[in-house]
C-alpha cells in the first residue's frame with residue numbers, strides 16, 4: 001500500500017505540500033525523495049516525519065551528499081531518516 | 001470575486017541563475033522587481049551545475065577572450081551568432097569578478113588568484129594548445145552562484161513569489177507584453193502580475209525525454225508560454241545527449257568510466273562498439289556511442305526484460321581501481337540501482353542533458369521575431385535569458401563551462417536593457433482584459449470533471465515517444481512517425497482530466513500544466529529536427545550524415561499556431577573582430 005492510500009484525508013493536504021518540497025534542482029534528489037514519499041514516508045513515526053520535513057530544508061548539495069552516503073549527519077534522527085531513504089531507494093516496495 | 005492584481009517595473013519568471021542575476025541588477029538600479037518561481041529559488045536547476053564558468057582570466061595558462069570566442073564558434077559548429085558570442089566572451093571576466101564580489105567562494109591558486117581548470121574544447125591560439133579557462137567553486141559552482149545571488153537579492157529587496165506557477169503571458173493588441181497570469185500553488189488562486197517588462201528565465205526542457213539528467217522541474221514552461229503568445233522557438237532540434245546515462249533513471253556515468261577501461265556489452269555479451277568503431281571502440285565520440293547503443297536496443301539486442309538497455313562492464317577493473325578512480329559512480333549505482341559495479345555491470349542508455357534551442361533573443365536579451373522582411377524584430381516588453389533562450393551562443397552544440405556563463409552574461413545584459421527601457425517608460429500600459437480572460441480560461445480548463453486520461457500516464461508516454469523518435473537516432477521515417485505520435489498525444493491531452501480538483505497545494509494541476517508545456521516543446525523539437533536535412537553538432541541524422549553549409553547554415557524557427565517552420569540567417573558578423581568562417585570541425 002502506498003503512502004497516499006494509507007493516510008487519512010486530513011493528512012493528504014500536508015502530504016501534497018511535502019511532495020512539492022521534494023521537487024528539487026537535481027534529478028537525483030527528485031528520484032530519491034519521490035520514491036521515499038510514495039513508499040517509505042508512511043512508515044515513519046511522528047518524530048521521523050518531523051525529521052524528514054527538517055531534512056527538506058537542507059540545501060540541495062548537502063542533501064545530496066547525505067543521501068549519497070558522502071557525508072554523515074551527527075544528528076541521530078537525521079542519520080536514521082537518511083538511511084531509511086537510502087534503503088527505500090534500493091527496495092521501493 | 002476579481003483576480004488579485006499586482007504591479008511591478010519588471011517581472012522575472014524563473015529563479016535560476018539567469019533570473020536571479022537579472023533581478024539583482026534591476027533591484028540594485030532601484031527598479032521594483034518580482035520573481036515568480038514554481039519551487040523555492042535555491043532549488044532551481046542551476047544548483048546541479050558542477051563544472052564551472054568559463055572566462056579568459058589567464059590565471060593558469062595564457063588566454064584571451066578572442067581564443068574563447070573561437071572555441072565557442074567552433075563548438076557551436078558555426079551555428080552560433082558571432083556577435084553574441086563575442087559579447088559573451090568579452091563580458092566573461094567581468095561577470096566572474098562580480099560573482100567573486102557577491103561572495104562566490106571560487107577555488108584558489110596559491111597566489112590567491114582564481115583557480116582555472118582545463119575542459120574539452122578549450123584552446124590557446126585559435127585551436128592550438130589546451131587552455132585552462134573554467135573557474136569553479138570546487139564541484140558545487142552552480143550551488144554557490146545560486147545561493148550567493150539569492151542572498152544578494154534578499155538584501156536588495158527583490159520581491160519573490162515563491163511556489164507560484166506562471167500560466168501565460170499577457171499581451172495587448174499592439175503586441176506589447178504586459179506581464180503574466182500566475183497562480184499560487186498553496187491556495188490555487190490566480191494572480192495577475194502586471195509589469196512594464198517581463199523576462200522569461202525558466203530553464204531548459206530535458207524532461208521531454210524518458211532518460212535525462214534534468215530535474216523534474218525542467219518542463220520548458222517559459223518556452224511554451226512564448227509559443228502560445230505567437231513567438232517561435234529557435235533551433236529546438238539541437239539537444240545535447242550523453243551516451244552513458246543510467247537506464248530508466250538518467251543520471252550520468254562519466255566518460256571516465258570508459259576511459260579507465262570500461263566497455264559496453266549487448267544481451268549476447270558482445271562488445272558491440274568493436275563493430276561501430278573498430279579503432280576507438282568504446283572511446284568513440286559521444287554521438288557514435290549513443291547511436292550504437294540505440295541501434296543495439298532497436299535491433300533486439302538490448303538487455304533486461306524489456307530489452308531496452310545495454311550494459312557497461314567495469315567488474316574486470318577490480319575493486320581497488322573502482323574504489324580509487326570511480327568512487328562517485330559506485331555510490332550512484334549502489335544508491336539508485338542497489339548494485340555494486342565491482343560485482344555487476346551497469347544498465348546504460350543515452351541521456352538527454354541540455355537544450356541549445358529556445359526563445360529567440362538578440363544579445364540584449366530582447367525576444368525577437370520575424371516581421372515581414374525583418375528577421376529579428378523585438379517583441380516590446382519581453383526578454384528571455386539562460387537555457388530558456390536561444391541568443392544563440394551555443395549554436396548546434398554547447399561547450400562545457402559556457403552554460404553558467406550564458407545565464408550570467410545575458411541575465412545581466414537583459415537587465416541593463418530593461419533599466420534603459422524603464423527610464424523612458426514611467427507608466428504601465430493599460431491591462432488588456434481579453435488577454436487575462438484567455439489565460440484564465442486556460443487555467444480553469446483543468447477544473448473540468450468527468451472521464452478522461454490521466455496526466456502522469458500521458459507524460460510518461462510522451463517522454464518515451466520523444467526518446468524513440470527524436471533522440472540520438474534520427475531519420476526521416478523515425479521522426480515523421482514521431483510527429484504523428486506527438487500530435488496524437490496532444491489531442492489526448494485536450495481530453496485529460498484531473499482526479500483531484502481541490503485547491504490547496506494541488507500539485508496535480510501544476511503537473512497537468514507542465515504536461516501541456518512539454519507537449520508544445522515536443523512538437524517544436526521533433527518538427528524542427530525533421531525539417532533540418534543535415535547533420536550538425538548535436539543534431540545527427542543517419543540519412544543526411546554531413547554538415548551542409550550551403551543550404552543549412554541558418555537558424556530554424558518553429559511556430560505553434562501554424563505548426564510550421566521558417567528559417568533566418570546566422571549572424572556571422574561579430575561586433576568588432578573578423579568573422580570565423582566555417583571549417584571542418586575536428587578536435
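Cβ from N, Cα, C; glycine included.
Automatic, uncurated: that is what TrEMBL annotation is.
Lifted from TrEMBL, the feature list:
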type	residues	note
DOMAIN	B:9-404	domain 'FAD-dependent oxidoreductase 2 FAD-binding'
BINDING	B:14-19, B:37-52, B:221, B:387, B:403-404	FAD binding site
MOD_RES	B:45	tele-8alpha-FAD histidine
BINDING	B:242, B:254, B:353, B:398	substrate binding site
ACT_SITE	B:286	active site, proton acceptor
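With residue B:242 (substrate binding site) as the anchor, the candidate recorded positions are B:43, B:286, B:403, and the one with the nearest CA is B:286. Here substrate is bound by B:242, B:254, B:353, B:398 per the record. The longest Cα to Cα distance in that group is 17 Å. Between residue B:403 (FAD binding site) and residue B:353 (substrate binding site), the C-alpha separation comes to 12 Å.
When averaged over the domain 'FAD-dependent oxidoreductase 2 FAD-binding' (B:9-404), pLDDT in the model lands at 95. Residues from the set of binding-site residues B:43, B:47, B:353 situated with their C-beta under 8 Å of a chain A C-beta: B:43, B:47.
Neighbour counts of Cβ atoms within 10 Å were compared across the binding-site residues B:39, B:47; the minimum falls on B:39.
Taking a C-beta cut-off of under 8 Å and a sequence gap of six or more, residue B:43 (FAD binding site) has these contacts in its own chain: B:217. Around residue B:18 (FAD binding site), the same-chain residues six or more apart in sequence whose CB sits under 8 Å from its CB are B:201, B:385, B:386, B:387, B:388, B:389, B:406, B:407, B:408, B:410, B:411, listed in sequence order. Taking the binding-site residues B:14, B:51 in turn, the residue surrounded by the fewest other Cβ atoms inside 10 Å of its Cβ turns out to be B:51.
Comparing Cα positions, residue B:47 (FAD binding site) lies closest to B:353 out of the recorded positions B:254, B:286, B:353, B:398. Of all the recorded positions listed here (B:39, B:286, B:398), B:39 has the Cα closest to the Cα of residue B:45 (tele-8alpha-FAD histidine). Within the group of recorded positions (B:45, B:286), the Cβ with the highest number of other Cβ atoms inside 10 Å belongs to B:45. The Cα atom of residue B:39 (FAD binding site) lies nearest to that of B:353, taking the recorded positions B:254, B:286, B:353, B:398 as the candidates. Proximity to residue B:51 (FAD binding site), defined by a C-alpha to C-alpha distance within 10 angstroms, is shown by none of the recorded positions B:254, B:286, B:353. When the binding-site residues B:242, B:353, B:398 are compared by the number of other CB atoms within 10 angstroms of each CB, B:353 has the fewest. Within the same chain, residues at least six positions away from residue B:254 (substrate binding site) with a Cβ under 8 Å of its Cβ are B:244, B:328, B:329. Across the structure, residue B:353 (substrate binding site) and residue B:286 (active site, proton acceptor) place their CA atoms 12 angstrom apart.
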